[in-house]
Amino acid sequence: FLSLCAPLTQEHPEVLPFLSSRHLRAHPDFRGSAEFRNILGRLLRRVRGRRRKVYVYINELCTVLKARALRRRLPLRSLNPGTPSQHPNASSQCSGTSSEHPNAPSGNPSAHSQYPNAPSQYPGAASQHPPGDLQDPGASPRRAGGSRRQIRHLEHLLRVYAGEIRRLQERELDLAELDSADSPYLQENRLKRRMMRIFRRLCQLKECSSLTGRVLEQRIRFRGTRYPEVNRSIERFINRPDAFPDYSDILREIRSASARHGLGLGRRQMENMAQEAFREVGNRLQERRHLDLVYNFGSHLTDQYRPGTDPALSDPELAQRLRRNRRLALARLDDVIARFAQRQERHQEPEPSRKRPQKPGGKVGKPREMGNGERPWK
């Protein structure tokens, strides 16, 4: 993968060393697993097919490696029985374990290296058992995630839904189906929502992050003002899901930060600051949404399309079908033209014929000047 991406990332040589560092920080079991090999093979095929999006695929691989990175955790120390109040901040560091049971041991130290996410998902698990009922530290820990059968079932459902979505996208539609209450577009939307729920559940069972590497999931760092307190408040607000703030929201965040930290900002100063911050935040959110649309817009039906190439040249069956459709279209066009020409001839009214009056002898009279009350022909 690195050898393929090296000539494509010459403008930014720092990308590949960063990717290598992410790979070294990943869990050794994950680096040698079949799941990682499948992900790497899929990204290799995408890079070969669409070389212009190599940075998108590198970012996706970095997100996967970051979700499976080794997490360093400090070993927990048990408190003395007579001094339970010597460490007032123990509850915030140990997630509610040592504060409720001061005599509880730290648990199995090998569990942190094998399952790095398990203590964070179940912070109060050690506090539910009394100190005498804890398991032996040498015993093997129980897996906090789902079983392999559940994971295989959910992965099978994802494949089934993905195939059904592709079938709906390839289906030919007419105007009657577009107006239907159960059109293929609505069915596709429902299937995609179900896939997202299954994907989040699968990430919970695998104890990995549900981030997909999209641009919308990247956090925006805001440094638009010279007050760090205001910057942090605005940054927390704009990074909420589905948040697109307006001017009043930015002004409210600035006022609350000024009152909370005692900055002493004036009303006019806060309004000017809110206007500048609002313009910068709006531009960055709009740019992020535009990039997300550019990277994710399209369909699998157009993945093989390349500008300037005719697919009929490499597909004899497609070329034959196009020629047959052309002959059929020309024949139908000739039928329509002939039908309307006959209809025009049948309904066309004849022009009134102008004939000169004849004399009794059969000669045509000559016109003469008319007087008042005289006829043009005599």
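Just so you know, glycine gets a Cβ as well, placed from its N, Cα and C.
Here TrEMBL flags 80-120 as compositional bias 'Polar residues'. What TrEMBL records for 341-354, 366-378 is compositional bias 'Basic and acidic residues'. What TrEMBL lists as domain 'Daxx N-terminal Rassf1C-interacting' is 1-76. Per TrEMBL, the feature domain 'Daxx histone-binding' maps to 257-342. Here TrEMBL flags 77-150, 341-378 as region 'Disordered'.
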Number of helical, extended and coil residues in the domain 'Daxx histone-binding' (257-342), per DSSP: 68 helix, 0 strand, 18 coil
The domain 'Daxx N-terminal Rassf1C-interacting' (1-76): DSSP-derived helix, strand, coil residue counts: 55 helix, 2 strand, 19 coil
